[in-house]
Amino acid sequence: MHFAYILILLILTPRVDSSWWYIGALGARVICDNIPGLVNKQRQLCQKHPDIMQAIGEGAKEWIRECQHQFRHHRWNCSTLDRDHTVFGRVMLRSSRETAFVYAISYAGVVYAITRACSQGELKSCNCDPKKRGRSKDERGEFDWGGCSDHIDFGIKFPKDFVDAKEKRLKDARALMNLHNNRCGRMAVKRFMNLECKCHGVSGSCTLRTCWRAMSDFRKTGDFLRRRYNGAIQVTMNQDGSGFAVANQNFRKATKKDLVYFENSPDYCVMDKTAGSLGTAGRVCDKVSRGTDGCEVMCCGRGYDTTRVTRITKCECKFHWCCAVRCKECEETVDVHTCKAPKRAEWLDQT
């Protein structure tokens with residue numbers, strides 16, 4: 001009975017897409033009425049805070065680049081679709097671990113972008129963290145708050161109102177999954193906040209310190225969430241629909257720090273429009289690697305084509321005082337391996 005309840009719940013659950021991702025495609029000229037799929041609260045916040053929307057748009061480009069970096073050696077490589085308001089296409093309709101990662105990294109990207117814009121004085125509604133004033137102390141002793149501490153609390157609060165608005169309104173199984181992974185994303189940024197200090201005193205003796213709180217490079221957040229993706233936990237809804245139960249009883253329960261997902265991923269080997277898979281035909285692979293970037297894994301056993309190409313690289317670089325590095329340009333001939341396309345009959349079965 002419990003299994004049947006979960007199955008019906010998942011089948012009938014409407015799919016939730018994050019239409020606000022499209023803000024990144026619109027760029028600086030964000031027109032709220034042109035973003036499809038926003039709920040009323042999101043549209044109102046969009047109209048009220050055009051400067052924050054611009055920051056979110058710039059941030060979207062950054063987190064998409066980070067997603068593509070993290071999955072550059074993966075069959076699914078975080079590809080985006082032009083002129084598609086879902087940005088990633090039908091692949092996001094499946095409640096898979098890839099979807100879990102995208103929700104987490106996108107939310108982290110919004111938090112990061114808004115917090116940075118605050119510190120740079122680009123937003124009317126916030127600036128540096130007002131709580132970081134006066135004196136404080138750490139394990140090295142006392143210090144004075146100074147400089148401009150990143151206002152991470154504001155960077156988290158606005159996305160909770162804007163990004164989470166659609167999921168909070170729907171309150172279905174997929175929405176709960178999205179909210180959980182959103183939380184993982186925003187807490188990942190906060191996890192890597194650093195205390196940075198400048199020493200004052202004779203010859204830098206550090207008798208006095210001025211310190212401020214600053215976000216780490218976004219790559220740290222991306223690396224952390226990729227590790228969470230690797231350890232993501234498959235879940236089902238619990239019987240009262242208020243939370244999650246682990247799908248496999250041999251695995252530990254999901255915590256607030258874990259990414260969660262409902263459905264297994266497709267293999268992403270061949271183009272499959274219904275699953276949103278672009279396939280791996282034509283993808284560059286590593287002939288000798290046994291990892292996910294290796295030709296055997298990337299090409300799904302179909303084999304690969306080898307093309308000899310000549311490219312220009314910098315070589316014989318030397319440092320010249322002061323202060324430049326000068327390089328020669330050298331020709332280099334290398335073999336590039338790309339995955340073969342599937343046989344036509346195999347491809348037709350997936351379309």
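Glycine is no exception: its Cβ is also placed from the backbone N, Cα and C atoms.
The signal peptide feature in Swiss-Prot is assigned to 1-16; the stated evidence is sequence analysis.
DSSP gives Cys67 (disulfide bond) a helix state. Look at Swiss-Prot and you will find Cys67-Cys78 (among others) tagged as disulfide bond, backed by similarity to another entry.
Secondary structure at Asn77 (N-linked glycosylation site), as computed by DSSP, is coil. Counting only same-chain residues six or more apart in sequence, the Cβ atoms lying under 8 angstroms from the Cβ of Asn77 (N-linked glycosylation site) belong to Gln68, Phe71, Arg283. Summarising the annotation, Swiss-Prot assigns N-linked glycosylation site to Asn77 and lists sequence analysis as the type of evidence.
Feature annotation from Swiss-Prot assigns disulfide bond to Cys118-Cys126 (among others). The local packing around Cys118 (disulfide bond), expressed as other Cβ atoms within 10 Å of its Cβ over all shown chains, amounts to 25.
What Swiss-Prot records for Cys128-Cys148 (among others) is disulfide bond, and it gives similarity to another entry as the kind of evidence. In the shown protein chains, 19 other C-beta atoms lie within 10 A of the C-beta of Cys128 (disulfide bond).
Swiss-Prot lists Cys197-Cys211 (among others) with the feature disulfide bond, giving similarity to another entry as the kind of evidence. DSSP assigns Cys211 (disulfide bond) to a strand. Cys211 (disulfide bond): 21 other CB atoms within 10 A of its CB, across all protein chains.
Cβ neighbour count for Cys206 (disulfide bond) (all protein chains, 10 Å cutoff from its Cβ): 15. The disulfide bond annotation in Swiss-Prot covers Cys199-Cys206 (among others) and rests on similarity to another entry.
If you look up Swiss-Prot, you'll see Ser203 marked as O-palmitoleoyl serine. When secondary structure is read from DSSP and collapsed to three states, Ser203 (O-palmitoleoyl serine) falls in the helix class. For Ser203 (O-palmitoleoyl serine), no same-chain residue that is 6 or more apart in sequence has a Cβ closer than 8 Å to its Cβ.
Residues or ranges marked as disulfide bond in Swiss-Prot: Cys269-Cys300 (among others). Reduced to three states, the DSSP call for Cys269 (disulfide bond) is coil. The Cβ neighbour count for Cys269 (disulfide bond), using a 10 Å radius over every protein chain in view, is 20.
DSSP classifies Cys285 (disulfide bond) as strand under the three-state reduction. Other C-beta atoms found within 10 angstroms of the C-beta of Cys285 (disulfide bond) number 20, with every protein chain shown included. As annotated by Swiss-Prot, disulfide bond applies to Cys285-Cys295 (among others).
Marked as disulfide bond by Swiss-Prot: Cys299-Cys339 (among others). Over all protein chains present, the Cβ of Cys299 (disulfide bond) has 23 other Cβ atoms lying within 10 Å.
For Cys315-Cys330 (among others), the entry in Swiss-Prot reads disulfide bond. Taking Cβ-Cβ distances under 8 Å and a sequence gap of 6 or more within the same chain, the neighbours of Cys315 (disulfide bond) are Cys327, Lys328, Glu329, Cys330.
Taken from Swiss-Prot, the feature disulfide bond applies to Cys317-Cys327 (among others), supported by similarity to another entry. In the three-state DSSP classification, Cys327 (disulfide bond) falls within a strand. With a 10 A radius on its CB, Cys327 (disulfide bond) counts 11 other CB atoms from all the protein chains.
Summarising the annotation, Swiss-Prot assigns disulfide bond to Cys322-Cys323 (among others) and lists similarity to another entry as the type of evidence. Secondary structure at Cys322 (disulfide bond), as computed by DSSP, is coil. Counting every protein chain shown, the Cβ of Cys322 (disulfide bond) has 5 other Cβ atoms within 10 Å.
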Inside 10 Å of the Cβ of Cys323 (disulfide bond), count up the other Cβ atoms and send me the figure.
6
Find, among the disulfide-bonded residues listed as Cys148, Cys330, the one whose Cβ has the highest number of other Cβ atoms within 10 Å in the structure shown.
Cys148
List the Cα distance (Å, whole number) between Cys285 (disulfide bond) and Cys126 (disulfide bond).
46
Taking Cα atoms as reference points, which of the disulfide-bonded residues Cys197, Cys299, Cys323 is nearest to Cys128 (disulfide bond)?
Cys197
Tally every other Cβ atom lying within 10 Å of the Cβ atom of Cys295 (disulfide bond).
23
Please state whether DSSP places Cys126 (disulfide bond) in a helix, a strand or coil.
coil
